[in-house]
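**Student:** When I checked Swiss-Prot for this same protein, it listed these features:
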ACT_SITE  2  active site, schiff-base intermediate with DNA
ACT_SITE  3  active site, proton donor
ACT_SITE  61  active site, proton donor
ACT_SITE  284  active site, proton donor
BINDING   104, 128, 174  DNA binding site
ZN_FING   260-294  zinc finger
């Protein structure tokens, strides 16, 4: 599943094409991509067609478009928008008109930029159909103004409003394993299996260490490493292990060549030379160094 860096790469890639552009046509080509919408395709089309995109936002693994033309305003910007979740394999691709059809295209929109007199298409491609688009209303919360469907999603590590020490204190109150806490999107969002393993390796913390056994200083250091790892991944276009994650131009990221723990089982630890091991963890796997990452 795309994690924070991959979704942020998509957001940044969409911005020069979509920001300030008007959505002139919408075609829904697979019902699962709009499964959360009671009014179906008609509701999605009505909420998007003729609207201008004024901002592209993100929290954790969620994207959203803020749209003009709905009259009411909330939190200082238009009240209505579009929420996007990429699921396991979702892609937001910028295409010229009359591009060859993709077998897993689920939604097609036509976008017009009046300033550049450009017309192109934005496709939602999703092989496994776990992703979705949905109209949304923005609401004010204690953690900022966000789409109503994701008010329970916490700030992420790249959110400029995140207070790292406050988050460290919150995490320390949890008795669960530290990796399980990092994966809880209601505590801190955007972290999945890849970046949890990488930030724990960087901070020399065993993934099954109870969060309450770590000091605020250790947890703050862990979160700082997480920020560094994610920024490094952003610089390299995210992590791609197959063709399911690509940027808006269909290009894969290459952070996978910089991974120290995730997927490195049997390989020498880049820090101490011991073999990285893989263990089952909560219906997935953890990758860590048994020498560098001791249980606290």
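Keep in mind that glycine also has a Cβ here, set from the backbone N, Cα and C atoms.
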**Student:** Nearest to residue 104 (DNA binding site) in three-dimensional space, by Cα, is which of the active-site residues 2, 3, 61, 284?
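**Tutor:** Sorting the active-site residues by distance from residue 104 (DNA binding site), the top entry is 2.
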**Student:** Go through 61, 284, our active-site residues, and report the one whose Cβ sees the most other Cβ atoms within 10 Å.
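**Tutor:** Going through 61, 284 one by one, the largest Cβ count within 10 Å is at 61.
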**Student:** Filter the recorded positions 61, 128, 174 down to the ones within 10 angstroms of residue 3 (active site, proton donor), Cα to Cα, kept in sequence order.
**Tutor:** 61
**Student:** List only the single closest residue to residue 284 (active site, proton donor), chosen from the recorded positions 2, 61, 128, 174 by CA-CA distance.
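**Tutor:** Nearest in space to residue 284 (active site, proton donor), counting only the recorded positions, is 2.
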**Student:** Could you give the number of helix, strand and coil residues in the zinc finger (260-294) as assigned by DSSP?
**Tutor:** 0 helix, 12 strand, 23 coil
**Student:** If you count the other Cβ atoms within 10 Å of each Cβ, which of the binding-site residues 104, 128, 174 comes out on top?
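**Tutor:** That would be 104, with the highest Cβ count within 10 Å.
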**Student:** How big is the gap, in Å, between the Cα of residue 61 (active site, proton donor) and that of residue 128 (DNA binding site), rounded to a whole number?
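**Tutor:** Per the Cα atoms, residue 61 (active site, proton donor) and residue 128 (DNA binding site) stand 17 Å apart.
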**Student:** I need the CA-to-CA distance for residue 2 (active site, schiff-base intermediate with DNA) versus residue 128 (DNA binding site), whole Å please.
**Tutor:** 13
**Student:** In terms of DSSP three-state secondary structure, what is the assignment for residue 128 (DNA binding site)?
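**Tutor:** Assignment for residue 128 (DNA binding site) reads coil.
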**Student:** Taking the zinc finger (260-294) alone, what is its mean pLDDT?
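**Tutor:** The predicted confidence over the zinc finger (260-294), as a mean pLDDT, is 96.
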